[in-house]
Number of protein chains: 2
Amino acid sequence: MSLPTPAGFTASGIAAGIKASGDLDLSLIVNHGPRFNAAGVFTTNRISAAPVRWSQAALEDGEARAVVLNSGGANACTGIPGDQDAVAMADSAAISLGIATDEVLVCSTGLIGERLPMNNVIPGIQTAVDALTADGLEDAAKAIMTTDTVHKTASAQGSGYVVSGITKGAGMMAPGMATMLAVVTTDAVLDSALAHQILTEAVRTTFNRADSDGCMSTNDTVILMASGASGIEPDQTEIQDLITDVCASLARQIISDAEGSTRDIAVTVHGAATEADGEEVARAVSRSNLFKTAMFGKDPNWGRIISAVGTTDAQFEPTTLDVAVNGVMVCRNAGIGEDRDLVNFADREVHVDIYLKAGEHEVTIWTNDLSYDYVRENAEYSS
Amino acid sequence: MSLPTPAGFTASGIAAGIKASGDLDLSLIVNHGPRFNAAGVFTTNRISAAPVRWSQAALEDGEARAVVLNSGGANACTGIPGDQDAVAMADSAAISLGIATDEVLVCSTGLIGERLPMNNVIPGIQTAVDALTADGLEDAAKAIMTTDTVHKTASAQGSGYVVSGITKGAGMMAPGMATMLAVVTTDAVLDSALAHQILTEAVRTTFNRADSDGCMSTNDTVILMASGASGIEPDQTEIQDLITDVCASLARQIISDAEGSTRDIAVTVHGAATEADGEEVARAVSRSNLFKTAMFGKDPNWGRIISAVGTTDAQFEPTTLDVAVNGVMVCRNAGIGEDRDLVNFADREVHVDIYLKAGEHEVTIWTNDLSYDYVRENAEYSS
């Protein structure tokens, strides 16, 4: 079943010749209204790419009519010429679509530190405009792939409206390609302030809790666009839940497709005093290379898990920590628990549960293992 | 040339049968005075091993007469029985040496989450006492090795006194063996408060700036013992420099012997507004898996370097960063600099220089690359 495109949107994905392979590499998503509310969440990396800076500025008024996205080049660390290229992409799309330049957002993904081949990008944008269709969102998802092995989409049906999203990435990619891009569209009526609030909250608990290799990209961008074409003013809780579900599905697909990985690992912290404590602990474990290599080796090495927990400032009593791996409580009270040989690693999915016994909060971070292929992907390809 | 043992000390390293291999696994270092000043710096991991907790308490009075160290088991995450084992080790050495139990420090390294074979450890301590000699420090260095390929010692001659140290570890070790242990001895006269001040400062700029894989052990310990047997009250600056030099040499040897590594990488931050800023930036780069795999792949990937810099809160202007790899300024003003193909990776040692242009401080962190063998060492060996 192809991805439902919310009313009011058209999209396309075409091959502009940015990638030497000739694969699809340029996407366009257009909101035809009647409303043009939009919100974005961007990388907090201070070395942000030119398209990130452009899109942040263009979104200040809470509206956007189009997003042009390319793979094959990140347009990051490209100086003032890179900023000019990003503006030229917006400008070119705006002219073809008959809208204003600052109504067009730009997203790029690919190598850092190289200019985009603008001689291919600009004609490609015209091709993408010509290719716009009411069911083009799936093609748009395909054209933003870098080393993704599958294109990634998710959709949820609301009461009289729909939410559909696409994404690509992230971690464990070939050099400089760790970027995560996502666009979520809906035909619900959603004012810009609420769109921003909903998106920020959804990203916080979904994309921001998928931490494949701890490395933050210069280009990460999540955009939400609402056309209002359904005429439905949604229940706020319902649309918050639907957008969160779509983001969660997209984030989970990224983890499952992380290159070089053999495991999708849910690190869940139970009984945290605060949500921040839970996140700090889950992230410390997720980023421990000793933990990640143990997971690759199918080794329920709880010593490495609690060593990572011990580096945090979270509230807990060091002598009362419990840790379960795939349901086997291998560590009790920070000491030896059940027989580690009971842990079954047959599935790709691994569940690590850490019990802080300090409160009521629970946080899950999804991560991957650290494998030979991660090293290969990131060491052997020149960039 | 064997390691000079400072006057007032004897030491030994013997095989107690803790390691199944039959290799040396138990060391004893004894200070015969006339002074017994001592200081320690310990892991800040809240999941600390039993011997760490014991030694911290035993050092509260600023004095120690002996250190017993074992490889083959970390005595970490072993609960109250583990605490009892650590005390029993101190007690056993104290009885044999005719001193008080709380004058004996204990250090352990090896697997986490397993009890020590006390039936071998206790007789081994008596054997170690019997084996004490005035030139036994080198044997002591050998008996604390885990997956180290060479034993590690350093010495410096002061004006009428000597400083000698031993160490083992660290990062990129087999499972749970990432511990760094070090003992530094001197026959200078050094009061306990000054010893603590000097050691803390020396560790801060040496061992704490060797960051092989970002994973903090439960057992890390550095001990300084001063016998005063030379009768020399040293110039404070001189002994600070000598102890720092010995610690720096030992820390550098750890990086060079890090298992699975193919590169020793000095990440130097220049022009930081504060020392803390410099350290934050150098550590962020040192811990980026994308950077570390690039180094393994001999790829001067400056995009990954400045992406890591961009995740910090340090003071700098994102558009003015420069980065050199082995002297080639591959990134200028956060954009493309000299041809990256000019970078020569012939040597094991790699120098990455990052110019923040925000002040006068300079900080170097030594780290290693991320290689297939790191993954193999840490994934394939069960623990």
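Cβ coordinates come from backbone N, Cα and C, glycine included.
TrEMBL annotations:
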{"type": "BINDING", "residues": "B:T146, B:K168, B:T179, B:E259, B:N378, B:S383", "note": "substrate binding site"}
{"type": "ACT_SITE", "residues": "B:T179", "note": "active site, nucleophile"}
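The binding-site residues considered are B:T146, B:T179, B:N378; of these, B:T146 has the fewest other C-beta atoms within 10 angstroms of its C-beta. Note: B:K168 (substrate binding site) has non-local neighbours B:S71, B:T109, B:A141, B:I144, B:M145, B:T146, B:D148, B:H151, B:K152, B:T179, B:M180, B:L181, B:A182, i.e. same-chain residues 6+ apart with C-beta under 8 A of its own C-beta.
In the three-state DSSP assignment, the secondary structure recorded for B:K168 (substrate binding site) is strand. Listed binding-site residues B:T146, B:K168, B:T179, B:E259 compared with chain A at a CB cut-off under 8 A give none as close ones. Within 10 Å of the C-beta of B:E259 (substrate binding site) we count 22 further C-beta atoms, all protein chains included.
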